[in-house]
Amino acid sequence: IGNTVLHILVLQPNKTFACHMYSLILSYDRNKEGPGSLELIPNNEGLSPFKLAGVEGNTVMFQYLMQKRKQNLWSFGPLSTVLYDITEIDSWAEDQSFLELIVSTKKREARQILDLTPVKELVSLKWNMYGRPYFCFLALFYILYMVCFTMCCVYRPLKPRTGNRTSSRDNTLYVQKMLQESYVAYEDELRLVGELITVIGAVVILVLEIPDILRVGAAKYFGQTILGGPFHIIVITYACMILVTMVMRLTSTAGEVVPMSFALVLGWCNVMYFARGFQMLGPFTIMIQKMIFGDLMRFCWLMAVVILGFASAFYIIFQTENPENLGQFYNYPMSLFTTFELFLTIIDGPANYDVDLPFMYSVVYFAFAIIATLLMLNLLIAMMGDTHWRVAHEQDELWRAQVVATTVMLERKLPRCLWPRSGICGREFGLGDRWYLRIEDRVDPNKHKMMRYTEAFKVQDRDSYDKGSEKLETNGDTLCKKEMSALSLSRSTSRTSSHRGWEILRRNT
């Protein structure tokens, strides 16, 4: 019951009352330390009160709990050293990491905790010491891997075509070699080494990605843009295309160019994932993801309907015409592709003015230009502009969340020998097995003095205004008298408050 009440208090809108009640309930806890403590008992979702405060974005409760868990090591004048308990915050030995919970939640208030002590210092320590070097090395390694795969595709085994052409539009000159003919020369052996590296890399990608999908869940793993959800879809699809290409090569099946071309596009697009390691480029990856999977996905449904309708109309109009004079609409698939190019204004109207054109072509093309180019494309631009404006106000916050997500990902993937645990063990200071982060703080006494002076001026102004307003209500009957008394009141108030303020400054000096 006590643990349930603690979880309810974390969700209370009145933060001050919740903190006092939280402290009151813990004062009656018999097992204040150890696994039986009320603060360590998780709810049905596996969240302790401390983690729940982070997920809900309750910064007041989070700071209150951190103040309870900190240990003052020493202080000398304005300098002080504090040990912050990071046992539940650090993701090194946590199955359900506090940092991962913050960046995966949909509440914007939760990401504000990343700017609070000691979370900000812990993330900065992890990223600067281990995260950034490993991430840059991983980006370089992946680019070299993609260059290797691209070279294998460029020099894939081909041979001249021996069969006769069946149509005047057939333009094929080379065909794929059989498996027995693909690895004969010395150049083929070099290509085989690159192909083996490509296949091994695809298998490693699947081995690393599948456990995280099972642990987190497919919906959260692929749906969170900060966690890199769309890029996870891209890299898994890329690995599957590589394995499909390998099977087609081993079985000498024609058509390996289809999965190979998909793999090239997806593999190189995944390079954008590594832009999140840089503050200048990181926010743009978030914008691209939100535009593609938000605005563009909704727009594509409307675009598909328009293209399907007008492509059918164009095909019917030119169905009785000679396809040699108007090749853009000679069959239905080519009509769909031509209409798509017209929609994006990639090409002009495909009309051959050396022959007579049907009258309906001009009518349909006029309607298509009005609906597609003038209306729908400008609608897409407006939608993307609104998304860019919204993300631009959160770009620094989103980039920090990306850094946290990347740091947690690398910490889970890399061996423990390459990523030691951050912080100091409490045994060195007689604080048990919990881990602490040492933070040095400097308190500026002049800042506190100036804050006291400011508050003193505010209090004196408020008191003088209250006294003057009471006199004004009792003595003033007419509007003119009120205005004159208000003028004299403002002068006397400013003179009195400034005089008292300077007296405070002289006494403190």
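Cβ coordinates are placed from backbone N, Cα and C, and glycine is handled just like the others.
Note that the structure is predicted; figures quoted are calculated from it, not measured.
If you check TrEMBL, you get these features:
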| type | residues | note |
| --- | --- | --- |
| DOMAIN | 135-394 | domain 'Ion transport' |
| TRANSMEM | 134-158 | transmembrane segment |
| TRANSMEM | 192-210 | transmembrane segment |
| TRANSMEM | 231-251 | transmembrane segment |
| TRANSMEM | 257-275 | transmembrane segment |
| TRANSMEM | 296-318 | transmembrane segment |
| TRANSMEM | 359-381 | transmembrane segment |
With the cut-off at Cβ under 8 Å and a gap of six or more residues from its ends, the chain residues touching the transmembrane segment (257-275) are 135, 138-139, 142-143, 146, 149-150, 153, 156, 176, 228, 231, 234-235, 237-238, 241-242, 244-245, 248, 281-282, 284-285, 288
Best-contacting stretch, by C-beta pairs under 8 Å, relative to the transmembrane segment (231-251) and drawn from 134-158, 192-210, 296-318, 359-381:
192-210
Proximity of the transmembrane segment (192-210) to the transmembrane segment (134-158), 3+ C-beta pairs under 8 angstroms:
yes
Could you please provide the mean pLDDT value for the domain 'Ion transport' (135-394)?
82
